[in-house]
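**Q** I'd like to ask some things about the structure below.
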Amino acid sequence: MTTAAIIVAAGRGTRAGEGLPKQWRLLAGQPVVSHALQAFAGHLRVLVIHPGDRARAEGLPAELVVEGGATRQDSVRAALEALAGRGVTRVLIHDGARPLVSPALIARVLGALDSASGAAPALAVTDALWTGASGQVTGTRDRTGLYRAQTPQGFRYDAILAAHRAHGGGAADDVEVARQMGLDVAMVEGEETNLKLTFAGDFARAEALMAKGTRAMDVRMGNGYDVHAFCEGDHVWLAGVRIPHGRGLLGHSDADVAMHALTDAIYGALSEGDIGRHFPPSDPQWKGADSAIFLAHAMGLARARGFDLGNCDVTIVCERPKIGPHAGAMQARLAEIMGVDATRVSVKATTSERLGFTGREEGIAALATAVLLS
Ligand SMILES: Nc1ccn([C@@H]2O[C@H](COP(=O)(O)OP(=O)(O)OP(=O)(O)O)[C@@H](O)[C@H]2O)c(=O)n1
Ligand SMILES: C[C@](O)(CO)[C@H](O)COP(=O)(O)O
């Protein structure tokens with residue numbers, strides 16, 4: 001299942017006043033939209049920009065950059081069209097001007113999408129509602145059943161693309177577009193901290209929230225250890241990299257001992273047992289399997305629970321093959337599978353000074369530690 005995250009950032013931010021459009025101003029040292037993009041790491045991120053902002057978008061963490069249109073709705077439509085034919089099944093549509101969206105909120109929307117064609121966060125209106133004119137209160141309104149809509153708004157991709165194509169324009173958000181097409185949209189609990197930067201004064205509030213951390217951070221740590229024996233062969237797979245070697249490694253899957261240790265560390269951090277629980281060695285379908293499947297599954301479980309990888313550290317114990325020349329490629333491959341920046345991944349190696357089974361070159365061992373943050 002491929003989930004795309006569309007981050008709309010093609011507006012001009014006129015209500016926020018003079019200067020750079022709000023999504024390009026700095027918040028905690030980074031452009032506002034960069035915070036929003038980072039929150040969706042691991043998904044196929046589409047950044048929608050104004051045609052004049054190409055240079056500003058360079059180097060931002062987005063897999064696709066698309067030019068938006070005159071309205072928010074046009075911008076979303078441009079991104080949905082750009083995703084056609086890419087195998088996307090679900091899409092999360094988020095304002096680039098909401099930099100404080102949390103992993104837990106994203107997980108709630110995705111969770112609700114499992115049983116609905118649309119899902120979006122909202123907060124019940126808690127203040128009294130008035131009408132007013134010329135600085136005077138002119139009336140009151142019943143607030144029962146009224147909600148403030150937030151993003152990300154999540155949908156089945158085909159359904160929301162069809163809804164946008166059929167819509168005549170003028171919708172405030174994608175829930176309105178979806179509902180006009182008869183799609184059901186489930187509501188999940190929004191967050192006060194998930195504010196949309198709209199007026200100049202909102203920046204100070206967002207900066208303060210960032211400085212103190214918007215919520216208690218949940219930190220989980222796990223470790224993993226694995227061993228595979230050498231057998232006949234001409235290569236080994238280690239941390240997703242194929243290394244020519246005079247022997248192979250024995251295992252039900254591709255016997256990637258380093259990837260298995262890391263996968264177990266993530267399962268450990270989630271109290272989810274180990275690879276054997278999720279991919280039993282007795283099941284023939286995993287014979288010769290690419291261990292990337294296991295690592296991607298563990299990270300998928302983590303994200304479904306609102307966690308992302310803080311960092312991980314893998315140590316491979318062997319006399320040979322020499323790991324140093326391959327460590328960079330291993331780091332890059334593990335990061336790619338987990339959908340994180342390579343700076344969060346460390347791969348190193350040690351010999352055991354010719355002692356024990358690794359010293360006698362009977363097999364390879366690997367240890368890993370992973371920290372998950374929510
Ligand atoms: N043509 C547009 C208009 C808006 N947006 C994006 O939609 C989000 C929510 O819109 P809003 O807060 O209204 O942003 P602006 O339109 O930029 O603000 P303003 O109305 O003050 O000009 C923002 O991330 C904005 O960049 C967009 O991608 N394309
Ligand atoms: C989509 C939205 O963020 C939902 O609250 C909002 O409608 C977009 O901002 P705007 O100020 O209405 O353009």
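Using N, Cα and C of the backbone, Cβ positions are placed for all residues, glycine too.
No curator has checked TrEMBL annotations; they are predicted automatically.
Okay, these came from TrEMBL:
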type	residues	note
REGION	1-219	region '2-C-methyl-D-erythritol 4-phosphate cytidylyltransferase'
SITE	R15	site 'Transition state stabilizer'
SITE	K22	site 'Transition state stabilizer'
SITE	R143	site 'Positions MEP for the nucleophilic attack'
SITE	K196	site 'Positions MEP for the nucleophilic attack'
DOMAIN	220-372	domain '2-C-methyl-D-erythritol 2,4-cyclodiphosphate synthase'
REGION	220-374	region '2-C-methyl-D-erythritol 2,4-cyclodiphosphate synthase'
BINDING	D226, H228, H260	divalent metal cation binding site
BINDING	D226, V227, H228, H252, S253, D274, I275, G276, T350, T351, S352, E353, F357, R360	4-CDP-2-C-methyl-D-erythritol 2-phosphate binding site
SITE	H252	site 'Transition state stabilizer'
SITE	T351	site 'Transition state stabilizer'
**Q** Please list, in sequence order, those recorded positions from R15, K196, S253, I275, T350, F357 with the Cβ less than 6 Å from ligand 2.
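**A** Checking each Cβ against ligand 2, the ones under 6 Å are K196.
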**Q** Taking each of H228, S253, T350 in turn, which of these binding-site residues have a Cα lying within 10 angstroms of the Cα of R15 (site 'Transition state stabilizer')?
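**A** Close binding-site residues: none.
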**Q** 10 Å Cβ neighbour count around K22 (site 'Transition state stabilizer')?
**A** 28
**Q** Where ligand 1 binds, which of the recorded positions R15, R143, S253, H260, T350, S352 are close by, with Cβ under 6 Å?
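**A** R15, in sequence order.
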**Q** If you compare CA-to-CA distances from K22 (site 'Transition state stabilizer') to each of the binding-site residues D226, H228, H260, T350, F357, which comes out shortest?
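**A** Ranked by Cα distance from K22 (site 'Transition state stabilizer'), first place goes to H260.
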**Q** Enumerate same-chain residues with a sequence separation of six or more from H252 (site 'Transition state stabilizer') and a Cβ-Cβ distance below 8 A; give 'none' if the list is empty.
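**A** Listed in sequence order, they are P281, W286, K287, A289.
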**Q** Other residues with Cβ within 8 Å of the Cβ centroid of D226, H228, H260 at the divalent metal cation site?
**A** V227, G251, A255, D256, V257, A258, M259, A261, I364, A366
